[in-house]
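Peer 1: Per TrEMBL, the feature transmembrane segment maps to 9-29, 41-64, 76-95, 164-186, 231-248, 260-277, 289-309, 321-341.
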């Protein structure tokens, strides 16, 4: 059985600290822009923060409601009140730390059967609590952290006088994306019935694949935004429509209500703008190849647009540096992607019979391994 260790406990504390610091940095950067009269940038940062917080509160409360059916309604009302003040994730951190502390620092003395069963139950509660946190942090990463990274890169390109707080925002964005992606992948591995252990080398391969491809894409979108904000907005909306349409065609079953399912698909459409995630129990080779082939074509297309639209810009040193970083990070990211999927990716997500073409039909439902909601969440 998967275990919650002392290392998991300390990483959980570190994740909570980074989460709080990230909030503080966002408000600090927004206040600095506001004091400088850059109201639009300040409002954008607060909008990213507000949107991600709103989505995480909605999904967090919905999961609490699903998990607490038949329990004290007064307790559920208190949970709702906390979520209305946008503090829902801190309840989840409290439960995760509570259960995690009990199992990570318990004494290894001999126990009878009932104590062993109780310990196993607390282990499951701790892992479930951490898993829910990691799912919510994936939402935050692509609704707030990644757009924040894109905005700060764009501002640095557009204005040649960077400030310390801009670098602080970029560093916190990279830290947030890194921690969220690795923790998410660890939770995914633990949720799989036939999983491979997520070794250190696997973590680095996955982390570099994600960070490099996301960085290349952020640089590309920033370049086209510097050229034309209107074209950038149109491109992002078009990519969201494509991602949302693809999600609709997958007939996802993550949420219990139709309204929440459509909200989930809307959020997934936004996530797919920035990075690839699979949303069904099926092989991803074709989908991920098409996804990153499109990103490569768009990235090269943006560089060619600069050459023909504003050829004088290519003589600027910043354009040369950004172009080299964009292409190199894309190439390295794809190399790490191929290496990860070739050598370190778990090949078995479910039982052989559950991986058939009928997995999403009635027959597939009969054979599917009974698991938590994470099994219907985003995959890699």
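Even glycines carry a Cβ here, placed using N, Cα and C.
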Peer 1: Quick one: find which recorded stretch in 41-64, 231-248, 260-277 has the most Cβ pairs under 8 Å with the transmembrane segment (76-95).
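Peer 2: Checked against 41-64, 231-248, 260-277; highest Cβ contact count belongs to 41-64.
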Peer 1: For the transmembrane segment (260-277), which recorded stretch in the set 9-29, 41-64, 164-186, 289-309, 321-341 gives the largest number of Cβ pairs separated by under 8 Å?
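Peer 2: Out of the listed stretches, 41-64 contacts the transmembrane segment (260-277) most.
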Peer 1: Could you give the residue numbers and ranges of same-chain residues that sit at least 6 residues beyond the transmembrane segment (9-29) on either side and whose C-beta is under 8 angstroms from one of its C-beta atoms?
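Peer 2: Distant Cβ neighbours of the transmembrane segment (9-29) are 45-46, 48-49, 89, 93, 96-97, 100-101, 104-105, 130, 133, 137, 144-145, 148, 165-166, 168-169, 172, 175-176, 179, 183.
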Peer 1: Which residues, given as numbers and ranges, are at least 6 beyond the ends of the transmembrane segment (321-341) yet have a Cβ under 8 Å from it?
Peer 2: 157, 202, 205-206, 208-213, 215-216, 219-220, 222-223, 285, 288, 292, 295-296, 299, 303
Peer 1: Same chain only, please: residues at least 6 beyond the ends of the transmembrane segment (41-64) with a C-beta under 8 Å from a C-beta of the stretch. Say none if there are none.
Peer 2: 23, 26-27, 29-31, 33-34, 76, 79-80, 83-84, 86, 88-89, 91-92, 132, 135-136, 139-140, 143-145, 147-148, 151, 155, 255, 257, 260, 263-264, 267, 373
